[in-house]
């Protein structure tokens, strides 16, 4: 089947450094210590995972996540911030086991990114809403709508892998839209706050500055994902170091770092004001919503996994350049 053809492993502008397409799990792990076109992809998300875990542990020692409901949305956000780079690192590590494994790895990667977008909505809804939006209609339905958006994001991004060979442009458009849509929705409060600061002489503080850096790196991330630059301009020159997906990972992590710092500023500076105007977060609204979103996204991933053809197509040789035979690509 076309969906399992080795041609799905190849990326524009990446000419060498591919791993064998039928590697064992141990081979995949060992390849992360060898120079392939996936090595930097793996480490640019594996190392940041432990940075975010460290930040979480440090915050856990100073904030009472268990008994203080005000911090529950922050806890959910932090857990999902740790999840998405780890899932991406695992996807890049194990995607060379087979064509089918590659799809499943990136299904899980997409699901983790969708849940991260929900985590952003939890944090923004709890701490970053513009003052006069607090307790309004958008605020009340902000997180439930984001949970629904996560289903759309996972479903659309997983589906985008199916027309990848026959309709590559459609596939790219669907996958890009799947992540741009929840990003735009989640950041509605930030867009408003930034516009208010620039055009209405609103309060400029550390949180607003952090959100500006976050949005800047988010835009760079989207540009790199969509453009495949610089490798598209100089095929073969950036196979191992410097291709768009590596830069994409770095920008994504930097954007998340600045986002976390900005959210922590809002958590501290707006605490008294928010607690006087919002009800105490409850278990159903926080962990209940997050749990249902996790189960729903897992079910979507399971459904697309079941829809994959079961014939082992990675043993079929693709047509084209001899250097492209039996090789695994880099991008998710």
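Note that Cβ sites are derived from N, Cα and C of the backbone, with glycine treated the same way.
Annotated range for region 'Disordered' in TrEMBL, selecting from 293-312, 313-332: 313-332. In TrEMBL, the annotation transmembrane segment applies to 208-227, one of the ranges 208-227, 268-287. Per TrEMBL, the range carrying the annotation transmembrane segment out of 141-162, 163-184, 185-206 is 141-162. Per TrEMBL, the listed range annotated as transmembrane segment is 107-129 (candidates: 38-60, 107-129). Counting residues 6+ beyond its ends, the transmembrane segment (208-227) has Cβ neighbours under 8 Å at 128, 172, 176, 179-180, 183, 187, 190, 193-194, 197, 244-245, 247-248, 251-252, 254-256, 258-259, 261-263, 265 in the same chain.
In the structure as shown, the Cβ atom of residue 249 (Zn(2+) binding site) sits within 10 Å of 23 other Cβ atoms. For residue 92 (Zn(2+) binding site), other Cβ atoms within 10 Å of its Cβ number 30.
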